[in-house]
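As structure tokens, the structure follows; a few thoughts come after it.
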């Protein structure tokens with residue numbers, strides 16, 4: 001059975017065979033669905049401050 005993963009930045013589903021998995025030196029992994037998410041994470045932007053992420057949508061509804 002193929003596992004689907006979710007993007008650790010924006011929360012979108014990642015299709016099998018796509019996306020990027022980044023492994024830190026301590027062994028922890030981070031999954032990104034696109035280069036857009038990866039670059040925003042590298043720039044240090046918080047997902048709750050970016051309009052197009054799931055975390056931002058949750059804050060707006062509350």
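Positions of Cβ are set from backbone N, Cα and C atoms, glycine also.
Residues annotated as Zn(2+) binding site in Swiss-Prot: 7, 10, 33, 37. Positions annotated as zinc finger by Swiss-Prot: 7-37.
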Fewest-neighbour residue among binding-site residues, criterion Cβ within 10 Å, set 33, 37: 33
Outside the zinc finger (7-37), six or more residues from its ends: residues with CB under 8 Å to it: 47, 50, 52-55
Reduced DSSP assignment, residue 33 (Zn(2+) binding site): coil
Integer average pLDDT (0 to 100) for the zinc finger (7-37): 95
